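These come from Swiss-Prot:
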DOMAIN    15-80  domain 'HMA 1'
BINDING   Cys26, Cys29  Cu cation 1 binding site
DOMAIN    82-147  domain 'HMA 2'
BINDING   Cys93, Cys96  Cu cation 2 binding site
TRANSMEM  172-192  transmembrane segment
TRANSMEM  209-229  transmembrane segment
TRANSMEM  246-266  transmembrane segment
TRANSMEM  270-290  transmembrane segment
TRANSMEM  429-449  transmembrane segment
TRANSMEM  457-477  transmembrane segment
ACT_SITE  Asp514  active site, 4-aspartylphosphate intermediate
BINDING   Asp713, Asp717  Mg(2+) binding site
TRANSMEM  772-792  transmembrane segment
TRANSMEM  795-815  transmembrane segment
Amino acid sequence: MTAFTQIEKSAAVPAPTDFGIEGMTCASCVRRVEKAISAVPGVASATVNLATERASVQFTGAPDTGGVLLAIEKAGYEPKVIIQEFGIEGMTCASCVSRVEKALRTVPGVADASVNLATEKGTVRFVSGVDVAAIEAAVRDAGYDVRKAKASGATAEPEDRRELETRTLKRLVILSAVLTLPLFLVEMGSHFMPGVHEWIMENIGMRHNLYIQFALATAVLFGPGLRFFRKGVPNLLRWTPDMNSLVVLGTTAAWGYSVVATFASGLLPSGTANVYYEAAAVIVTLILLGRYLEARAKGRTSQAIKRLLGLQPKTAFVAHGDEFVEIQISDVVVGDVIRIRPGEKIPVDGTVLDGNSYVDESMITGEPVPVQKAAGAEVVGGTINKNGSFTFRATKVGGDTLLAQIIKMVETAQGSKLPIQALVDKVTAWFVPAVILVAVLTFAAWYVFGPSPALTFALVNAVAVLIIACPCAMGLATPTSIMVGTGRAAELGILFRKGEALQSLREADVIALDKTGTLTKGRPELTDIVPADGFEADEVLSFVASLEALSEHPIAEAIVSAAKSRGIALVPATDFEATPGFGVRGAVSGLPVQVGADRAFSGVGIDVSPFVVEAERLGNSGKSPLYAAIDGRLAAIIAVSDPIKDTTPQAIKALHDLGLKVAMITGDNRRTADAIARQLGIDEVVAEVLPDGKVDAVKRLREGGRKVAFIGDGINDAPALTEADVGIAVGTGTDIAIESADVVLMSGDLIGVPKAIALSKATIRNIKQNLFWAFAYNVSLVPVAAGVLYPLNGTLLSPILAAAAMAMSSVFVLGNALRLRSVNPA
C-alpha cells in the first residue's frame, strides 16, 4: 500500500465523535459504557476514558449521535449535552426549515435540531465536544446566515433585527413600486387606453418603448429583486429549491423571454414575440410587498416576548456603604441590598428586609389586585411597586430570576413543534420540487396541445404556476399560532412549558386535582381537639405540637400555630420519624407520641373506634380527622380544615361547562373527601391515597382511553404530573412540581385551568384554519394557474394575479394567527 493510498484511505474514514460522560467511577463503568455504545448500529468502535470522562466513538457511516446518547443513558450514566439556540436568517418557507434541520443533523455530534420559521431560530442539541463553528458552517453551507442567540431574557436584539428587516423591506417595496408603476402604466395603458398607445407610438416609438421597459424591469429584477436570486439560485444549484427559487424561475422566465423578443425576435415563432416585462416587475413588487406585510405581522406575533423583556428595568439602586448607588442590572449580584421607591419596577427577585408596600404582580400572575409586601415577603423582578417604599435583598439575578425563567419557558413553547405539524413537514419536503415539475408539465402540455400562439400560452401558464405556489403559508400555519397562543397565555398567567400541551390539553376528558394547595389554600387550621378520658386538651396539644414542630407538613404548621396562639409551651422532641401518608412518631418528655390517620394506628395495636362517631361528624363537615396517642394510649381526636380557595367553585363550574369530568385525588379519608366533593360538585373521588399511589390513581382514571390532566403543587405530585397526559402545576407550588409539569398556573388560581383549556382549543382551532387555508389555497389555485379551467370557460390566471394571491396567502395566515391576541377566555 502506497503512502498516497494510506492518506486517501485515512481521509475517507470519518473522524471519531467525542462524548462527555458523567457518573463513571471505576473500570467496570468504563466497560459497561463501551459495551452499551458498541451495541448501537453503525458504531465501529468505542473507547472510554475514565480520567477524562469521555468516550471516543468511531462510526461506520453517518453518526447516530442520538442513539449513542440514549445508550449511555440506558447504561445508567449521564451524557454531557449542550442545548444552544441559533438565530437563522434567510428562511422563507417550510422547505427552508426542512433543509436547515437536515443540514444541522448531519453535523457529527449533533443529536437533534429543531428549527422554527416564525421565530427564525434553531435549537440544537449536541454533545459537549462539538465545535459550535461546525454547526454554524452547516447552516451557512445550506445557504442561510446564522448567529448565536444570546442568553434568554438578556436582550431584545432579535426584535431589533426584525425591525431592521421590516424597514429594509419597506424601502425595497417603495423603490420597486416606483420603478414598476411607469412600466405597468405604459404596458397596461396601451392595452386598455387607445390614446396612451397612440401617444407612445408618436412620441417614443415601439423600439424605444421596449428599451425603456427592459431597463425598468431589469432594474426591478436585479435591484430590489436581487434578494430572491441570492437565495434562490444557490438552492437551485444544490438541487434543493425553495420559494425563492420559484420566484427566480418565474420572473427570469418572463424577463428572459421578453429580452429575446426585444433583441432577437427572429428566434421566436411568428406572432409570439410578446414582452412580459411588466409581469416580471409586478411579480417582484407584489411579493416584496407580501414579505413586508409578513415581516410586520411576524413582529406582532412576538409582542408577548417583547412585553416580557420590557418588564425588566435597566438599572437598580444598590446599597454601597451608607448610600444607594444606581448600577446596571447586569452588575447586581446575589446578596445586594436594593432600594425600591413608589412607582419603580423591582429589578431582580429577592426578600423584603424592611418597609411596607403593595406590589402589582399582574404581569407575572395575571391577577390585577396588588399584593402586600412586608419584611420577609418574596418579591419578583419585573413587578411594579405601588405607593410604599422598601429595601430587599437580591436572591436571584440574571437568568435565574422568575421573569427570565418565564421568558425561557415561553420561548421554548413557542419554538416547539406539535404533532399536528407532522403532516406539514411531510408535504413541504417535496412541495417545491413538485411545483417545478407541474410547471414543466404545464409548459409542455400547452406547447404541444395549446392554441396558437402555443409558446406564449405555455410560458404564461408555467410562470403562473411557479409564482402562485406558496409553501410559506404552510410553513407559517402552525408556528405563528403557537407563538401568539402561548404569548397570550403568558399574559394571562398561564405558562405552557411544553408546546405539545397546547394540543394535548384540549383533548383532556378528565381533570384530576390534588386537594391540598390546589383546591384549598394549602394553609390548614386546627379546628377541633377532643381528648379521650383521662387527658386534657391543652395537655394533648402540648405533646402533639412539640412533636409536630419537627415536621414541615402544612398540618404540622397548623397544629404548632394553634398551640402557640393558646400560649402552650413546646418542649424538645426526640426520635422523630415521619411516614408519608400515615403520620409522625417520636418521643416528648420521655413518652412515645404518635399522630396520624387511622391507618397509622391499626398496625400498632391502638384502637381508635371510641372516636368513630366523632370522626364521622368531623368528616361529614369536610374536616380531616387525625388521632393522637401518648404512651401507647389513644389520647385525642384532632381535626384540621384547609379552607377552600375562593375561586375554586367557579373553576369547577367552568370545567363542567366545558363538558369535562372533575376528579379529586386526596390522602384524606373517604368521608372527608366525599364531603368536600359534594360541596364543590366534584364528579369522582379517589380518597385515602398515599403519596406514591397518585400515579396509580391517574392510571385508573385513564382507563377506557380517557385523557387525564392532573393538577398539583407539591413534591409528591411530581410523579403524577409526569404520568398524566397533561401535567398542570400551581405556580405557588414546589420547584420540582413545576419542573414536572407541562403547564404552570402562575397565580395559583384554579380558574386558570378552564382558561388554559379554552386557549388550547382556540389555538388548535386557529392552526387548523391556517392549515386548511394553506393547503386549500395551493391545491385549488395551482391547477387554475396551470389552466385547467381554460377548456371549460376560457379562464387563465395572469402571473400578476398569481403573485398577488401568493403574497396575500402568507399575510392571511399571519393575520388569522394574530386574532389569538384578542382571545379573552372567561
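Just so you know, the numbers here start at 1 and follow the chain as drawn.
Just so it is clear, glycine is given a Cβ too, placed from its N, Cα and C backbone atoms.
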Cβ-based isolation winner (fewest other Cβ atoms within 10 Å) among the binding-site residues Cys93, Cys96: Cys93
For Asp713 (Mg(2+) binding site), the one of Cys93, Cys96, Asp514 that lies nearest, given that the recorded positions are compared by Cα: Asp514
Any contact, the transmembrane segment (270-290) to the transmembrane segment (772-792), with at least 3 Cβ pairs under 8 A: no
Seg_contact(the transmembrane segment (457-477), the transmembrane segment (246-266)) with at least 3 CB pairs under 8 angstroms, min sep 6: yes
Position of peak Cβ density within 10 Å, selected from the recorded positions Asp514, Asp713, Asp717: Asp717
Integer Å distance between the CA atoms belonging to Asp717 (Mg(2+) binding site) and Cys93 (Cu cation 2 binding site): 42
Rounded inter-Cα distance in Å - Asp717 (Mg(2+) binding site), Cys96 (Cu cation 2 binding site): 42
Integer Å distance between the CA atoms belonging to Cys96 (Cu cation 2 binding site) and Asp514 (active site, 4-aspartylphosphate intermediate): 45
Counts by DSSP class (helix H/G/I, strand E/B, coil) across the domain 'HMA 1' (15-80): 22 helix, 22 strand, 22 coil
